[in-house]
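Pulled from TrEMBL, these are the features on record:
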type     : residues  : note
DOMAIN   : B:18-435  : domain 'DUF112'
TRANSMEM : B:30-52   : transmembrane segment
TRANSMEM : B:107-130 : transmembrane segment
TRANSMEM : B:136-160 : transmembrane segment
TRANSMEM : B:167-185 : transmembrane segment
TRANSMEM : B:317-339 : transmembrane segment
TRANSMEM : B:386-402 : transmembrane segment
TRANSMEM : B:408-424 : transmembrane segment
TRANSMEM : B:464-482 : transmembrane segment
TRANSMEM : B:502-520 : transmembrane segment
TRANSMEM : B:532-553 : transmembrane segment
TRANSMEM : B:580-610 : transmembrane segment
TRANSMEM : B:617-635 : transmembrane segment
Amino acid sequence: MIPFTRRVALGMAAAAMLAPTHSIAQDFSLEGETVTWIVPFSEGGGTDRLTRLLASTLTEHLPGNPNIIVLNQPGGGSVTAANAFHTDAPNDGTTLIMASTSTFLPVLLGSNVAEYDPNDWVAITGFARGATIYGITEELGVGGTDPAADHEALINADIRFGLETPISAEMLDLVSLHLLGIDARVIFGLSSSDAEAAFLRGEMNLNTDNIRSYTGDWGDDPTVNPIWTYGVIGEDGSLLEDPDLPDVPTFQEFYEAAIGEAPSGLGYQLQQALMNAKVMISKAIMLPPGTPDPIRDAYITAMQAVLQDPEVVAALPREVGSMPLNFGSETQRAIAAGTSMDPEVRDWANAFLMENYDTSLD
Amino acid sequence: MLDAALVALSQLSDPTTLLALIAGVVMGLLVGILPGLGGTAGLALLLPFVFGMDPTPALAMMIGLTAVTTTSDTFPSVLMGIPGTSGSQATVMDGFPMAKRGEGTRALSAAFVSSLFGGIFGAFVLSFAVVAAKPIILSIGFGEQFMLVVLALSMVGILTGINVWKGLAACALGLMLGALGAAPLSGVQRATFGTDYLLDPLPLVIVGLAMFATPEIIDLLRRQSTISQTGKLGSGWLKGLRDWASNWWLSLRCAVIGCIVGALPGLGGSVVDWIAYGHAIQTTKNREKYGTGDVRGVVAPESANNAKEGGALVPTLLLGIPGSGSMAILLGGLLIIGIDPGVEMVTDHLDLVYVIIWSLALANVLGAGIAFVLAPQIAKLTTVRYVLLAPFMFGIIFFAAFQATRGWGDLIALFLLSVLGVYMKRFGWPRPALLIGFVLAENVESSVYQTVALYGATFLQRPVVIVLLILTLLSVAAAVFYKTTHHDPMTEDSPYKSTGLGPQWVFFAGVVAFTLYILLDAQSYNQLTGLYPTVAACVGLACLVPLGLNMAFRRTPGATFFDAEHGSGAPGDECRSAEFFLGLLLGMLLLSSLVGYVLGIALFIFLFLWKWAEVKSHFAALGAIAFVLFLGILSDQLTLRYPTGLLQGYLGVDLPWPLQ
């Protein structure tokens with residue numbers, strides 16, 4: 001169900017050209033080198049933790065066992081570091097970046113501060129991470145068993161929903177609610193931990209988070225119910241249930257049960273592009289533009305080994321949940337889908353933002 | 001509960017864990033001493049080691065570090081007038097004048113006992129709070145947070161200095177500086193002056209250094225040969241202890257404030273020292289002594305800033321919601337070692353909670369003990385010729401600023417804001433008022449909007465809001481009724497003279513121009529983005545207009561006027577001007593833009609020592625080399641890349657460690 005756009009086509013073409021040849025250049029070695037792994041966020045956050053978890057094992061699997069250092073370059077929600085990475089990073093395999101949704105989203109939304117195109121970067125591995133929207137059962141009257149009844153309840157409920165800004169990864173939730181005709185009182189200026197605190201206090205009664213945080217904080221709390229997940233896009237392009245919350249309907253299933261037909265139209269295309277950016281490319285390990293194939297292939301091979309390391313396997317669900325990983329061209333395709341939007345979809349997004357939040361993407 | 005506490009104590013007495021704790025404490029003391037590095041940077045430093053460690057020693061190490069940064073940050077605050085972390089900015093106000101008077105040891109001693117007391121008190125409160133505080137924390141909603149911010153802002157009243165309009169205008173200037181960069185409600189970039197740097201708001205550490213560090217260093221360079229005016233150190237150890245003992249009630253009150261501010265959402269830890277300092281002025285006698293080296297002005301913030309850590313751990317452990325930047329990293333560290341904080345932690349892993357509490361208490365004892373032992377040696381710095389220290393101080397504050405976002409923008413922002421700080425000092429604009437306004441800016445903007453959007457006016461019916469409202473009114477009343485009587489003579493032979501106003505008008509015009517720019521810029525955004533800067537700028541204008549009218553029409557000396565270059569206390573003609581030293585700093589930055597920060601600062605130190613301090617050239621070179629090694633070691637430990645210049649950029653020269 002990935003909207004097939006020019007950029008997707010280009011991405012796929014590029015991916016096809018870059019497909020592993022299985023004749024990895026034997027002479028590529030990083031012996032004695034120092035590899036700098038840029039984390040465009042501060043220490044201790046999710047992206048940083050995942051990077052550090054992988055970095056210690058990666059060195060064992062790279063040819064020449066280089067020394068790997070993790071370099072945190074926070075600023076502008078990863079945009080500052082990404083701008084510098086795009087223009088300055090050497091493409092000899094000594095510099096890589098751990099990009100995240102925050103890196104891809106400004107490109108999807110056409111923000112003028114992002115002076116990079118991640119489709120030029122060379123993807124190694126992508127990490128999908130599920131997301132869900134959940135609410136206080138009693139206040140919203142959602143039972144989590146019958147989407148049609150839940151939908152009815154949500155339309156009549158006084159929903160209070162806290163998030164950071166209208167133009168952010170949480171735009172996915174705003175668009176999804178809008179498509180379902182659900183009105184919510186939206187309070188801005190709340191980071192995800194502020195929003196969670198307000199939800200905990202009962203000042204908010206609807207919240208959104210990644211699956212890992214949701215199950216950790218609320219998984220066994222009967223007063224809080226997940227309403228839908230955003231699912232995961234399978235290999236054949238169809239939307240599947242979230243592996244961590246298989247019993248919760250995906251947004252599409254919820255929509256079909258509530259409205260009586262499958263979601264479609266420009267708004268839905270926007271929803272899918274945002275879902276791609278937020279869920280499918282939650283994190284991605286990337287090399288700079290123009291990195292030669294042998295280097296890319298060496299990294300893919302190494303990363304595949306890292307992700308089978310028992311210690312990493314044990315710790316990974318804690319960080320990203322249990323969604324399937326993707327590599328190389330597959331990651332490149334997901335990035336293409338999550339960073340491009342047709343002009344009509346963009347117009348729809350602008351009208352939506354202007355009408356509801358007095359703002360636009362331009 | 002007692003069982004768990006004892007089990008935890010026995011875990012902590014394990015040699016590995018104890019060693020980890022000591023390592024954490026030593027690291028914490030080091031990052032606390034270095035201005036700009038605090039608990040946040042220190043914990044970031046530990047994270048790589050935490051991977052693969054057992055939970056108990058890892059916890060002991062991380063807590064050990066967090067606990068003591070606010071103990072050792074007193075060294076630069078008291079001895080150099082440079083806030084060691086943002087938690088000890090208020091300590092500078094009275095601690096540094098004490099050091100200048102030759103009472104550095106006494107101030108340090110009082111500060112360390114206060115830190116020790118505050119830290120232990122925080123651990124004590126934490127041990128009860130983890131089982132009982134949840135309902136209290138959850139009762140602090142948007143309305144309560146809004147009132148907390150208002151209460152904190154009302155502290156400005158007592159810190160406005162002798163001219164109310166200048167004080168309020170300085171606060172408004174802080175509120176406007178806080179409006180630069182990404183708006184908290186919409187993410188839209190406001191008033192960025194076309195730079196990428198302002199994609200984020202200005203970093204607090206840079207504003208703090210620019211307000212306090214640079215103006216003090218320059219002032220000292222101009223006036224004095226050593227920091228201690230007597231050139232002596234004084235033996236004040238016992239005196240400092242007695243100072244604390246006779247102010248134990250103040251210390252206890254401030255420790256309570258520290259715990260509360262740390263634990264409650266809405267304010268964040270970085271204003272806790274100012275709130276404690278304001279509280280001390282509001283509730284004690286002889287308030288005119290504050291700011292001139294009153295030991296109570298040291299006891300209050302130091303008691304509060306160590307107690308804050310115990311308080312901040314409450315929501316972090318209990319709810320998994322970090323109350324500050326360093327707590328956010330600690331939370332990351334906890335996740336790394338497989339602990340998921342939240343209510344289950346208290347029910348399922350109570351022993352680990354007690355490991356944290358014991359570590360916190362023990363680390364405070366160790367930290368204060370080590371600080372006591374080191375203090376006499378370190379305090380000797382105040383008797384060293386200041387020209388020998390100054391270039392290193394400049395090097396350190398620019399290094400500290402660079403920690404904020406690790407880019408060139410940090411150095412430029414520090415320089416520009418330093419110019420503001422230097423002239424605010426010269427023209428008697430209270431810098432604490434600006435700082436409080438700046439720190440609270442984002443909270444003011446978000447909490448007002450969130451409260452109104454969610455509750456309208458009904459938030460005033462909430463009981464906690466009413467209590468906070470009464471406290472605020474009391475705080476304002478204290479400021480109005482007990483206004484400090486001023487003892488400086490206001491004559492034509494003082495800084496308050498009514499002639500020679502040219503420079504004051506230029507500065508005033510600059511502030512007005514900035515305010516108008518913010519106002520104009522704000523009009524190009526929608527309400528969510530533009531309303532706050534509009535209001536802040538209008539408040540600024542409302543304070544600037546009466547000030548301007550006063551300046552224009554008053555003919556006699558008075559509090560309206562102030563220029564430290566006038567009067568008998570001013571530096572004589574033989575002193576170089578402040579502009580000369582600002583020029584040197586600009587020169588250093590230009591040099592760095594050519595050859596990179598490391599070589600730039602090395603050359604600056606060498607030239608400064610050799611030409612200005614008239615040190616023999618080989619000793620000057622030795623000083624510069626030592627500083628480069630210091631930067632090199634830090635870059636290794638902290639994985640830093642210093643700002644590069646044309647040499648590295650366009651010419652592509654790869655310099656070897658530690659010169660890159």
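Glycine is no exception: its Cβ is also placed from the backbone N, Cα and C atoms.
Not measured: the values here are computed from a predicted model.
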- line: Maximum Cβ pairs under 8 Å to the transmembrane segment (B:502-520) among B:107-130, B:167-185, B:317-339, B:580-610 is reached by B:167-185
Query: Quick one: do the transmembrane segment (B:136-160) and the transmembrane segment (B:464-482) reach 3+ CB pairs under 8 Å, ignoring pairs fewer than 6 apart in sequence?
result: yes
Field: For the domain 'DUF112' (B:18-435), mean pLDDT (0 to 100)
entry: 88
Field: Contact yes or no, the transmembrane segment (B:532-553) and the transmembrane segment (B:167-185), 3+ Cβ pairs under 8 Å, gap 6+
entry: yes
- prompt: Against which stretches of its own chain does the transmembrane segment (B:386-402) lie, if we need a Cβ under 8 Å and a gap of at least six residues from its ends?
  reply: 34-37, 80, 82, 203, 205-206, 209, 213-214, 217, 220-221, 224-227, 410-411, 413-414, 585, 588, 597, 601, 604-605, 608-609, 612-613, 615, 623, 627, 631, 634, 640, 642-643
Statement: Under 8 Å Cβ-Cβ from the transmembrane segment (B:107-130), and at least six residues away from its ends along the same chain, one finds 5, 67-68, 70-71, 74-75, 78-79, 91, 94-95, 98-99, 236-241, 243-244, 248, 251-252, 254-256, 258-259, 262-263, 295, 298-300, 302-311, 313-314, 317-318, 346, 353-354, 356-358, 360-361, 363-365, 367-368, 371-372, 375, 379
Residues from the same chain, set at least six apart from the ends of the transmembrane segment (B:580-610), whose C-beta lies under 8 A from its own: 214, 218, 221-222, 387-388, 390-392, 394-395, 398-399, 402, 408, 411-412, 415, 418-419, 422, 616-617, 619-621, 623-625, 627-628, 631-632, 642-648, 655, 658-660
- prompt: Which sequence positions outside the transmembrane segment (B:408-424), separated from its termini by at least 6 residues, show Cβ-Cβ distances below 8 Å to it?
  reply: 170, 195-197, 202-203, 206-207, 209-212, 214-215, 218, 397-398, 401-402, 430-431, 434, 507, 578, 582, 585-586, 589, 592-593, 597, 643
Message: Let me spell it out: take the transmembrane segment (B:617-635), skip the flanking residues so only those 6+ beyond its ends count, and list any with a Cβ under 8 Å from a Cβ in it.
response: 391-392, 395, 399, 598, 601-603, 605-607, 609-610, 641-642, 657-659
